[in-house]
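Annotated features in TrEMBL:
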DOMAIN    18-150  domain 'MARVEL'
TRANSMEM  19-42  transmembrane segment
TRANSMEM  54-72  transmembrane segment
TRANSMEM  92-113  transmembrane segment
TRANSMEM  125-144  transmembrane segment
DOMAIN    155-291  domain 'MARVEL'
TRANSMEM  191-213  transmembrane segment
TRANSMEM  225-245  transmembrane segment
TRANSMEM  265-285  transmembrane segment
Amino acid sequence: MATPHCGTMAVATVNLRAVTSWVGIARLFAIVLSCIAFSLVASTGDFGGPYGTWCMFTWCFCFAVTLLVLVLELLELYPKLPLSWDDFTSAFSMLAALMVFTTSVVFPSTFISSPCSSNKCVRQAVATTFSCLCFLAYALEVGLTRAKPGDISSFLSTVPGLLKVFEAYVACLIFSLLDAYSSEAGLQWCVAVYSICFIITLLIIIFTIGRCLTYMPCPLEKMLVGYNALALVMYLTATILWPLYSFRGKSRPNSCGRNCWWNKHLGITFLTIFNLIAYLVDLVYSTKMVFIRAPP
């Protein structure tokens, strides 16, 4: 008599290295620290306004995505996704480090006042401490997953790739500070520089994660050299024109609060300089990738 056929059940594979490796441990710390940070701030009930909303979004977003990454690696489900997993995780860890760093600076400067003696203020200070530790966890992950010199198999884990994430993020910060710029042609040019470089940089990141670089008509390394040189020149003009047209014939208002136009334009000036330096370093590394090959 024939034995009945029993259907086999698919057994999920568990990869324990996802939580026992140094990268996995760093992600676990990031999950716990970000969870504690937004829980403490939520318990105070004082996180209103654009800055408080940004801080809560940062902690919750980083917590959720890091938890998702950890689960997908633990169950080994990430190969089924139509994207370059190493590029995605490298880009996200860099983005999370930048976002949490910004939040660790913005939150205490906005919500914590001296002297800090109330129970609410103490919880906010502790949340800031955990946020700083969360930044260190993401920075550690970036350092652990960064590609070795000469290895370009995962572009966004190389120095030029990480700089692309930095450049796009700084451009987003610049956009958040823009207010009045339509009165001067020089300021309009600067906004065009920020927008054009941001769009191209974002497309490079998206194409890399989506494995679309094979459709490009020329090699990525050579294209990056040309683009970084162009972006460097464009940001050099913005570095000169933005403060020139923003502060020419104008003095700082006596009552210049948090949303004062002077402070915003000064912040844009420094962020423009940061991106100028980033594109310069990016150009140097991209040139080395093309013309200076690592020995076999």
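Each Cβ is built from the backbone N, Cα and C atoms, and glycine gets one as well.
Quick caveat, the model's predicted, so the values are computed rather than measured.
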Long-range Cβ neighbours of the transmembrane segment (191-213) (under 8 Å; 6 or more residues past either end)
82-84, 87-88, 91, 155-156, 161, 164-165, 167-168, 171-172, 174-175, 178, 181, 220, 224, 227, 231, 234-235, 237-238, 272, 275, 279
Using DSSP, what's the helix, strand and coil tally for the domain 'MARVEL' (18-150)?
109 helix, 0 strand, 24 coil
Report, as numbers and ranges, every residue of the chain located at least six residues beyond the transmembrane segment (265-285) whose Cβ falls under 8 Å of a Cβ in that stretch; write 'none' if there are none.
158-160, 163-164, 166-167, 170-171, 173-174, 177-178, 190, 194, 197, 224-225, 228-229, 231-232, 235-236, 238-239, 242-243, 246-247
Which numbers of helix, strand and coil residues does DSSP report for the domain 'MARVEL' (155-291)?
109 helix, 0 strand, 28 coil
I'm checking region-level scores; what's the whole-number mean pLDDT for the domain 'MARVEL' (18-150)?
91
